[in-house]
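The following features are taken from Swiss-Prot:
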REGION    1-43  region 'Disordered'
COMPBIAS  29-38  compositional bias 'Low complexity'
REGION    57-105  region 'Disordered'
COMPBIAS  72-81  compositional bias 'Acidic residues'
COMPBIAS  82-91  compositional bias 'Low complexity'
COMPBIAS  92-102  compositional bias 'Acidic residues'
REGION    160-199  region 'Disordered'
COMPBIAS  173-190  compositional bias 'Acidic residues'
REGION    265-288  region 'Disordered'
COMPBIAS  268-284  compositional bias 'Acidic residues'
REGION    474-544  region 'Sigma-70 factor domain-2'
MOTIF     498-501  motif 'Interaction with polymerase core subunit RpoC'
REGION    553-629  region 'Sigma-70 factor domain-3'
REGION    642-695  region 'Sigma-70 factor domain-4'
DNA_BIND  668-687  DNA-binding region
């Protein structure tokens with residue numbers, strides 16, 4: 001068998017015991033690296049490990065002055081030789097290497113010492129990775145550990161180091177890319193080729209996006225802000241948009257709009273929903289009055305800002321009228337007016353930034369502008385259809401049609417030119433005027449020429465696209481954060497992909513509301529939104545019967561209290577004990593316990609083979625049990641035999657009176673009418689028949705049914 005290279009020895013000492021382990025060198029690339037070890041090789045490594053461990057333990061005891069026990073007189077150098085022999089290494093070569101290259105002078109050990117002095121500790125993994133492969137003897141390992149002790153360097157687990165020093169393992173972009181490439185390679189090596197698992201595909205795609213630094217987040221946030229400012233600047237150039245903004249104040253005053261629908265800083269709707277769902281949780285204090293007063297103050301502040309905006313808008317309108325009037329202005333005055341308009345729009349922009357106008361309002365205004373543009377496009381499409389139909393240019397045709405209304409000769413010329421009858425020319429003229437009228441109506445509503453309106457709308461769309469592109473980059477770069485948070489909420493009623501989807505919705509909300517100027521990292525801000533979106537989705541969708549959010553919180557609190565009491569008293573707590581611990585009324589605790597019950601499917605498989613279902617074991621109380629059915633059949637048979645011993649008249653009277661074999665029982669009057677006798681006679685016949693039935697010869701057949 002060929003000689004094998006020595007394996008590294010990694011030492012994980014504790015205060016009580018030193019346990020060196022043979023650390024394997026990384027296998028070279030190729031098929032040999034992928035092959036499994038033979039049983040003989042594994043056995044040799046285990047033998048070497050035991051020998052080195054025993055030698056190291058003896059050395060420690062010797063240094064502490066502890067006399068070796070019986071069977072412990074093993075020399076460390078002999079142990080090193082045995083370990084080297086176990087892995088088929090020449091001990092003389094090892095000794096020569098040690099003499100020529102002392103452990104303390106090795107570059108790897110020096111680097112370890114430098115890193116340990118800087119941090120104050122080293123992890124076992126760092127020591128194992130850095131130690132050379134030829135350090136296998138207990139003396140060498142002990143020398144290394146002694147050097148760490150002399151330099152006050154503690155050897156700890158990686159997990160303990162992270163907890164004690166609050167160190168979170170960081171992964172660089174390059175490492176993540178390498179991991180992603182390795183995962184993809186592993187997936188490609190699978191027997192079935194690339195995996196079709198949607199979670200795996202999503203994670204692979206997610207891993208291809210680079211992480212962002214704080215500077216990258218700020219740069220993207222600035223691009224989002226610039227795009228939104230472009231939209232607002234384009235809106236200010238449209239008078240119809242300015243009028244929509246001014247109308248917000250009136251809608252606030254008349255309560256047609258709420259504060260949270262107008263500005264970004266208002267409380268979220270989710271908070272108010274919780275308040276609506278749990279009215280009994282609200283105390284009798286002044287909180288509602290304070291909220292109402294706060295909203296009134298906010299409305300007053302917004303109205304003041306809108307009044308300032310109105311003043312600037314009116315001044316801007318006056319200057320624009322002056323600029324567009326037929327009155328001739330000097331070039332100097334024109335420049336002054338244009339500069340004043342620009343300054344006023346800058347001030348209007350500042351007011352909008354102070355207001356922090358909600359994106360819903362901006363989107364609503366943009367939608368209104370889009371509706372105007374669509375009306376213009378529709379009218380222009382009608383004109384183009386007429387051009388194609390009559391093979392003419394509308395730019396030349398419109399003046400001619402206008403002249404033809406006043407001059408019949410021009411109309412005849414047009415008829416000949418277009419090969420139309422007078423009626424067809426009249427229809428063409430009417431269609432053209434209708435389309436032109438639609439365009440002019442839009443211009444009147446927008447108070448702008450169509451060209452300016454379209455130019456402003458294009459600027460709005462450009463700003464929106466830039467902002468959306470930047471938002472998309474910020475979202476894609478933080479998808480890992482969503483996955484890491486969603487992992488903590490698995491097995492709560494929603495699938496993992498659903499949790500990721502809900503978390504992504506929360507992430508997009510966080511992107512919309514992120515303010516980089518406050519100095520916080522985006523992940524810090526987004527974590528709350530992601531967690532809130534996931535928990536709300538679990539509360540809304542995880543249960544078959546939806547439970548309000550405030551009740552979910554109460555249920556979770558009750559479950560935590562119940563677990564605490566189980567640990568404290570050693571058994572399941574009673575509702576009374578839970579109510580006392582939670583300081584809640586007993587009725588409410590019982591109600592919460594009842595609500596917390598989960599529905600279970602009747603198709604739930606039962607048994608090891610799962611060949612039966614839960615529904616098979618549930619009693620159907622709407623059906624008669626087989627035992628009762630047999631008893632009833634026997635009772636009917638015995639009753640029929642007993643009645644057969646009476647006279648036919650007596651039998652029929654009893655049957656009609658007690659409803660035996662009849663649809664219902666009958667009164668004495670009804671039976672008397674059937675027999676054409678009086679009620680008294682029927683009563684006498686009934687009494688006589690019952691006396692006969694009470695005779696032991698007949699009653700013994702029915703007595704067992706009465707007793708049972």
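Each residue, glycine too, has its Cβ placed from N, Cα and C.
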- Message: Cβ under 8 Å, sequence separation of at least 6 from the ends of the DNA-binding region (668-687): give me the contacting residues as numbers and ranges.
- Response: 649-650, 653-654, 656-657
- Counting each residue once, how many in the region 'Sigma-70 factor domain-3' (553-629) are helix, strand and coil under DSSP? 43 helix, 4 strand, 30 coil
- Helix, strand, coil: count each for the residues of the DNA-binding region (668-687), based on DSSP. 17 helix, 0 strand, 3 coil
- Task: Work out, from DSSP, the number of helix, strand and coil residues along the region 'Sigma-70 factor domain-2' (474-544).
- Result: 56 helix, 0 strand, 15 coil
